[in-house]
Amino acid sequence: MGENMEREMLRPKTIAMDQNSASARSNPEREIKTGRLEPASNSAPTMAIDLQAVTMIYRDKTVVDSLSFGVRAGECFGLLGPNGAGKSTITRMLLGMATPSAGKISVLGLPVPGKARLARASIGVVSQFDNLDMEFTVRENLLVFGRYFQMSTRAIEKLIPSLLEFAQLEAKADVRVSDLSGGMKRRLTLARALVNDPQLLILDEPTTGLDPPARHQIWERLRSLLIRGKTILLTTHMMDEAERMCDRLCVLEGGRMIAEGPPLSLIEDIIGCPVIEVYGGNPDELSLIVRPHVDRIETSGETLFCYTVNSDQVRAKLREFPSLRLLERPANLEDVFLRLTGREMEK
């Protein structure tokens, strides 16, 4: 998502702000199996996002193909797929920036694109790139962004301290954005998306280009938002990010859903055993040697993926090839994608 789309979607009507509105909306919290706190509910969970048989055709090309999924209020739902899978197109349709060729979309209980502007008043967006005003200070960026929502200067200034605390940028309030590190800029971009106290956050590749410590800081901030009852739609091509953050996810390929469910369930149901990666030999020749001792074999480039619970037998068979490198690890979402498509995900 680029700057033009982000600025276009920031045309909502006046929003009544209340710093306590998130907690006011939340019910008592309960512990769930993931260890995350989520709002409890005595009724069926409401759907923050609902797509029904949505198709998008652009220049005679089907970009999104009869896609259906729902995102429950209070969960983190992932759209996982390579570039060109349809993630950005789905996001544009959710924001009312593109009209589907067929199907129905509902966001926060409102039909989109019909009432997209009203829905956007309760949505925060973090685009893939930091669309910050580099010559402004951290504080000034938050102040200017709040005015897109027709908030008064007084209301924004009252909110800024809590946003700075959330982004862990209290000491950088009067520093120009151009002087911040990449991780600080991403935290500021995330805090900026909270100015209007949104119910739903749409995050497009939120940690792309960050080093591991900065990525973990962003993930920690996102978890705190989920505890507060926010709903997150996360688009990513990073398997570890999807596995760590998402309660459920939809795996996309060519605009089609090829799998949907909780990450660990997908891994268990589709893979179900550890993996040994074998490097440094001819995959075709090696596969003939180990095939009797594995459940399944996949090949990608020069790497042989052996899916097996009999790792000792596989290692024993490969000892006569001292130049080989072996990596034994638990299965992950990369293996799921490789199994479903026959190739590794393109970054």
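Cβ atoms here come from the backbone N, Cα and C positions, even for glycine.
Feature annotations, reproduced from Swiss-Prot:
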type: BINDING; residues: Gly81, Pro82, Asn83, Gly84, Ala85, Gly86, Lys87, Ser88; note: ATP binding site
type: COMPBIAS; residues: 1-11; note: compositional bias 'Basic and acidic residues'
type: COMPBIAS; residues: 17-26; note: compositional bias 'Polar residues'
type: DOMAIN; residues: 49-279; note: domain 'ABC transporter'
type: REGION; residues: 1-32; note: region 'Disordered'
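Overlay of Swiss-Prot feature records on the structure.
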{"residue": "Gly81", "record": "ATP binding site", "CB count, 10 Å": "28"}
{"residue": "Pro82", "record": "ATP binding site", "CB count, 10 Å": "17"}
{"residue": "Asn83", "record": "ATP binding site", "CB count, 10 Å": "11"}
{"residue": "Gly84", "record": "ATP binding site", "CB count, 10 Å": "14"}
{"residue": "Ala85", "record": "ATP binding site", "CB count, 10 Å": "26"}
{"residue": "Gly86", "record": "ATP binding site", "CB count, 10 Å": "24"}
{"residue": "Lys87", "record": "ATP binding site", "CB count, 10 Å": "26"}
{"residue": "Ser88", "record": "ATP binding site", "CB count, 10 Å": "21"}
(Q) Cβ within 8 Å of the ATP site centroid (Gly81, Pro82, Asn83, Gly84, Ala85, Gly86, Lys87, Ser88 excluded): which residues? (A) His237, Leu252
Q) When DSSP states are folded down to helix, strand and coil, where does Asn83 (ATP binding site) land? A) coil
Q. For Ser88 (ATP binding site), what is the secondary structure by DSSP, using just helix, strand and coil?
A. helix
